[in-house]
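J.: Questions regarding the structure given below will be posed in turn.
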């Protein structure tokens, strides 16, 4: 067991999907995994292990934001020796040609989070995805006939901000595709520990147009994203 995960050694696979919403973790396990077993419910953050196409895979909720995902990624790697980690989550689009329900592969993750500045003593480290996972995810999406978007996302520490329009316009000018709250931490920690990581994101709302999905959709749909992530992580 670790501080925030109640699993025993051997109960977590070395390949794991990381949704922020623990109810999405439950949905993924019950919908896509064979014989899923609950290994964690500490703080309501459900974690399951099962098999997908004959390969052992886990799924663990992480909560929202850099501090929360950092706790789970650190413990999954240090206490359970997880090798491959794929975040499956939602994001808000800031490019006009990115649509609600599009799937984005986050090649890099710009951020306003202080975490990396504290770690790197003011240096602006550029967290990026693992290339092998990125390529495999792109190929998996193409095989499904999907039009994937690949590029930079913005990991924000702030969901509500007074100068949001100004920040969004600046980020869009520099070709950032969407805004989310976790990928920078995932990529930085994966680099630190020599692990493979990727964020596969579904656009749940469009910050410019105002189009959005429902809370129920965000919990229990977006199956394209989940299948891409699962097919990628077992390669």
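Heads up, the Cβ atoms here are built off N, Cα and C, so glycines get one too.
Pasting the relevant annotations from Swiss-Prot:
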type	residues	note
ACT_SITE	205	active site, proton donor
BINDING	4, 180, 181, 182, 204, 205	purine D-ribonucleoside binding site
BINDING	20, 24, 43, 87, 88, 89, 90	phosphate binding site
SITE	218	site 'Important for catalytic activity'
J.: Could you round the CA separation between residue 89 (phosphate binding site) and residue 4 (purine D-ribonucleoside binding site) to a whole angstrom and send it over?
T.: 21
J.: What are the non-local neighbours of residue 43 (phosphate binding site), defined as same-chain residues 6+ apart in sequence with CB under 8 A from its CB?
T.: 4
J.: If you measure from the C-alpha of residue 20 (phosphate binding site), which of the recorded positions 180, 182, 204, 205, 218 fall inside 10 Å?
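T.: Within 10 Å Cα-Cα: 182.
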J.: In three-state terms from DSSP, label residue 182 (purine D-ribonucleoside binding site) for me.
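T.: The three-state answer is coil.
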J.: Could you state the CA-to-CA distance between residue 205 (active site, proton donor) and residue 182 (purine D-ribonucleoside binding site) to the nearest Å?
T.: 17
J.: Applying a 10 Å Cβ distance cut-off over all chains shown, what neighbour count does residue 182 (purine D-ribonucleoside binding site) have?
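T.: Residue 182 (purine D-ribonucleoside binding site) is surrounded by 31 other Cβ atoms within 10 Å.
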J.: Measuring Cα to Cα, tell me the gap between residue 87 (phosphate binding site) and residue 182 (purine D-ribonucleoside binding site) in whole angstrom.
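T.: About 8 Å separates the two Cα atoms.
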J.: When DSSP is mapped onto helix/strand/coil, what comes out for the residue listed as 'active site, proton donor'?
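T.: Note: the residue listed as 'active site, proton donor' is in a strand by DSSP.
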J.: Could you tell me which three-state DSSP class residue 87 (phosphate binding site) falls into?
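T.: The residue in question, residue 87 (phosphate binding site), is strand (DSSP, three-state).
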J.: Is any of the recorded positions 24, 88, 90, 218 within 10 Å of residue 180 (purine D-ribonucleoside binding site) (Cα-Cα), and if so, which, in sequence order?
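T.: Of 24, 88, 90, 218, within range: 90.
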J.: Work through the binding-site residues one by one (181, 182, 204) and name whichever has its CA nearest to the CA of residue 90 (phosphate binding site).
T.: 204
